[in-house]
Every structure is written in structure tokens, then in C-alpha cells.
Amino acid sequence: SGERPWKCCDLQTCTKSIPAFCRCRDLLEQCSDACKECGKVRDSDPPRYICQDVYRGIPAPMCHEHQ
């Protein structure tokens with residue numbers, strides 16, 4: 001647990017357990033300072049990154065509302 005590695009996430013997958021284990025697959029211009037394991041997306045131009053961390057706790061809100 002601790003600080004969530006992302007403030008919000010559109011492509012989030014979480015387990016149904018309590019607390020949930022969540023991953024965020026959003027493509028980012030850069031990972032947040034809270035992200036411990038930041039992976040570069042291969043062949044991305046401009047460069048994009050995914051935070052590889054697994055967060056245990058309350059799922060993050062979505063960054064963008066899907067209309």
C-alpha cells in the first residue's frame with residue numbers, strides 16, 4: 001500500500017479482492033515520481049512509458065470521462 005503510483009488511470013485493471021491489487025496500463029509522457037518501476041514502451045515515437053507498479057488499495061479515478 002502507501003501512495004498510489006498514479007493520480008488517475010483510464011486503462012486500470014484491478015483484482016476483485018479487498019484490498020484490490022491494481023495496475024495501470026496508460027501510456028504516459030513520463031511516469032510520476034511515486035512510480036518505482038517505469039518501463040519504456042518499445043518503438044514508441046514520441047517516447048511513452050508505462051508504470052509497471054502494482055498498487056494495493058482503492059482503485060484510482062479515471063483521467064478522462066468516456067462520453
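Here the Cβ of each residue, glycine as well, is placed from N, Cα and C on the backbone.
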If you check Swiss-Prot, which of Cys14, Cys22, Cys24 bonds to Cys9 via a disulphide?
Cys24
If you look at what Swiss-Prot says, which of Cys22, Cys31 makes a disulfide link with Cys14?
Cys22
Name the cysteine that pairs with Cys31 in a disulphide bond per Swiss-Prot, restricting the answer to Cys8, Cys38.
Cys38
Swiss-Prot pairs Cys35 with one of Cys8, Cys51 in a disulfide bond, so which one is it?
Cys51
Can you see whether DSSP assigns Cys31 (disulfide bond) to helix, strand or coil?
coil
By a simple count of other Cβ atoms within 10 Å, which of Cys8, Cys14, the disulfide-bonded residues in the record, is least packed?
Cys8
Once near-sequence residues are set aside, which residues in the chain of Cys38 (disulfide bond), 6 or more away, have Cβ atoms under 8 Å from its Cβ?
Gln30, Cys31, Tyr49, Ile50, Cys51, Gln52
